Amino acid sequence: MKVTGYTDRLTVTVPKAEGTDYRKSKLKSPLFGQRSKGITVIQDGRGFDIDGHSVRWANWKFHLSFDTRAGSVISLASIYDQEKEKFRRVLYKGFVSELFVPYMDPSEEWYYKTFFDAGEYGLGLCAFPLEPYKDCPANAVFMDGYYAGQDGTPVEIKNVFCVFEKYAGDIMWRHTETAIPDKFIREVREEVSLVVRMVSTVGNYDYIIDWEFKQSGSIKVGVGLTGILEVKGAEYTHKDQIKEEIYGILLADYTVGVYHDHFLTYHLDLDVDGHDNSLVKSTLETKRVTAADSSRRKSYWTVVKETAKTENEAKIRLGMKPTELFVVNPNKKTKMGNEVGYRLIPGSQTVWVTPYNKSEKWVGGLCADQSQGDDTLAIWSSRDREIENKDIVLWYTLGFHHVPSQEDFPVMPTLSGGFELRPANFFESNPVLNTRSPPIPRAFPNCTSANP
């Protein structure tokens, strides 16, 4: 119970608090810009059903659950195939396995700031009730989350999820045909999707985590970063005063925003039309037209496909070459003979694949803060197990390199990223060709067309 030693390495000026309070009631300057007239989404009843934690909407059905570590967990996601007249499985289970936030300051006061936000703190434990009309639109339905407290009693988080139909004026598909004499053909289908949202506030950052289901068969996963930067005190009030590496950006008087990263690794246990799947890497390669060819083109590109047979072959760093990744079911084919599958449309970063193992859930280890490094994704995949035509798990890492700017201070506008799982020869043709259109609006005050 004694202090045995301490380090007093340097003294810096404390950053000033003036101008850093982001609460509306504390802001002194008047609100800027023209006052909004307000936008409200109105529905004649919701278009989806919730039975317990099972959600049914349009041609989708899935299970939504709450986990103290992962937060939102999507399971048993299946889509109805109108031609086959049955539901077909797409995703057995998907969730955030880890959220790693390392700061790039190696100094004595900062070198240890490498946070595992899911493994150390818990995205679910750090989730808070969503605010109606602001976190979620007026047509949202809210769901509660529960977990066992330290004494074993149930703990409730009210409104931890919201589920809502999203219509933002997007187009599902369209075409205007003008090449037929004396005819004008125009077909347009508006895009309506279903969004599942959770917000987790881990210390200074707020993470908006969305799962968006589209009638076309796509699942879009979105992440929004907002909140407050991790800053440190400094002796500077102008950039010209800086003569050394400060590992960040001067944001305000005596205030430095430190460089850092946000890496989210998703556990995606895809069951594309069945358990046994394979990872196919399609690389776009340029081919030169030779003199012997009967073409005036000098070059073209073609697709070279390669099926990963082991875990090492499936460790892929995206962005190095023009590459597309597919999870296919080699045991199921379309009428055209193509393997049914889903395409990963990434933002960036890396993809690894492992065979399914019930114990392999947390990329940073079961006990991230006390891990010896012997139960992580790197160790599991080092066994180089076979993954071709197996029950496999896709580990996708979505990342942000964050170089702070003054606009991020004192509270940061949302920075967004994500990826998409999109059907690739999963259906025989466009699954939303004959999609049902919503009712014609009662009033369309800004439209002069006679045919809305």
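Cβ atoms are placed via backbone N, Cα and C, with glycine included.
Among the features that TrEMBL reports, domain 'Copper amine oxidase catalytic' is placed at 43-348 (among others).
Sequence annotations record features per position, and here TrEMBL assigns active site, proton acceptor to D117. Listed in sequence order, the residues of the same chain lying 6 or more apart from D117 (active site, proton acceptor) and placing their CB within less than 8 Å of its CB are E98, L99, F100, V101, L123, C126, S200, V202, G203, Y205, Y207.
The Cβ of Y205 (active site, schiff-base intermediate with substrate) has 22 neighbouring Cβ atoms from other residues within 10 Å, across all protein chains displayed. What TrEMBL records for Y205 is active site, schiff-base intermediate with substrate.
If you look up TrEMBL, you'll see Y205 marked as 2',4',5'-topaquinone.
The domain 'Copper amine oxidase catalytic' annotation in TrEMBL covers 349-433 (among others).
Mapped onto DSSP helix, strand and coil, the domain 'Copper amine oxidase catalytic' (349-433) counts 11 helix, 33 strand, 41 coil.
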